[in-house]
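Colleague: Could you have a look at this structure, given as structure tokens, before my questions?
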Amino acid sequence: MKTRRATAYLQPALLLLAMLFAFPFVLYAVQFGQGGLRNALPEPHYIFSDNATANIGIFTHMITGALVTLLVPLQLFPSLRAKAPRWHRWSGRIIIMSALITAVGGLIYIGLRGTIGGTAMNIGFALYGVLILIAATQTVRHARSGRISAHHDWALRLFWLALGSWLYRVHYGLWYLATGGLWSNPQFTGGFDLAQNIGFYVPYLIGVELYLARKRRPVHRHP
Ligand code: HEM
């Protein structure tokens with residue numbers, strides 16, 4: 001009983017912590033995105049080019065991505081879901097729309113300009129975008145059809161994917177702190193850089209699948 005009560009507090013506490021730590025990245029992404037869209041970046045940046053479509057795609061994706069990163073932890077607060085279902089639904093709609101725009105914007109940029117890290121990074125990031133598209137679509141599809149268990153499963157996948165962009169920076173920060181940047185270079189072709197191309201979402205998705213498989217396992221009770 002005590003353990004259950006402790007877990008009930010642990011989940012919101014961890015979600016709040018994630019929001020708090022991710023907030024500087026949210027601000028950074030909004031700042032970068034709006035500066036790029038207005039052609040008013042404080043310094044020239046390789047992401048900005050004379051390809052207007054690529055610019056609109058990538059800088060819009062930063063703003064909508066920031067919104068997703070900010071809002072997605074709130075969706076998992078059980079008390080908010082129960083006490084404010086209208087908030088849950090509206091915030092959910094905003095997250096889904098923003099996630100779709102984020103993924104499409106990133107994919108347009110990859111298609112038109114390619115990432116700084118070349119083919120391996122293009123593939124890793126494109127797969128990330130496609131997975132976000134799938135998870136966002138499935139989350140809303142199951143909610144609309146009233147399949148709440150499937151909705152929860154996909155929402156959990158979307159949650160970890162949505163935090164992926166922030167986790168990418170967290171991994172780099174911790175790695176540079178621990179190793180000074182071993183197997184990493186400005187061209188993003190070092191061993192660590194290559195692992196990171198999928199390392200910011202694949203391990204978390206595996207974790208989610210293991211968790212869901214465990215949850216689905218029938219509980220055998222002795223008669
Ligand atoms: C989930 C929320 C997301 C946020 C907040 C976000 C934010 C950002 C930011 C701020 C940058 C600039 C990188 C820098 O710091 O210099 C960036 C770059 C990029 N993002 Fe995202 N992003 C998100 C999701 C995605 C998704 C889903 C895709 C995949 C389609 C994607 C593809 C890219 C690409 C291709 C770049 C440029 C990489 C390069 O060549 O430097 N992002 N993103």
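Including glycine, each Cβ sits where the backbone N, Cα and C put it.
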Colleague: In TrEMBL, which of 32-52, 158-178 is labelled transmembrane segment?
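Modeller: My reading of TrEMBL: the transmembrane segment range is 158-178.
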Colleague: At a threshold of under 8 Å on Cβ distances, which of 94-112, 118-137, 198-213 pairs most often with the transmembrane segment (53-74)?
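Modeller: Counting Cβ pairs under 8 Å, the winner is 94-112.
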Colleague: With a Cβ cut-off under 8 Å, give me the same-chain residues at least six positions beyond the ends of the transmembrane segment (118-137) that come close to it.
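Modeller: Distant Cβ neighbours of the transmembrane segment (118-137) are 95-96, 99-100, 102-104, 106-107, 110, 154, 157-158, 161-162, 164, 187-189, 193-194, 196-198, 200-201, 205.
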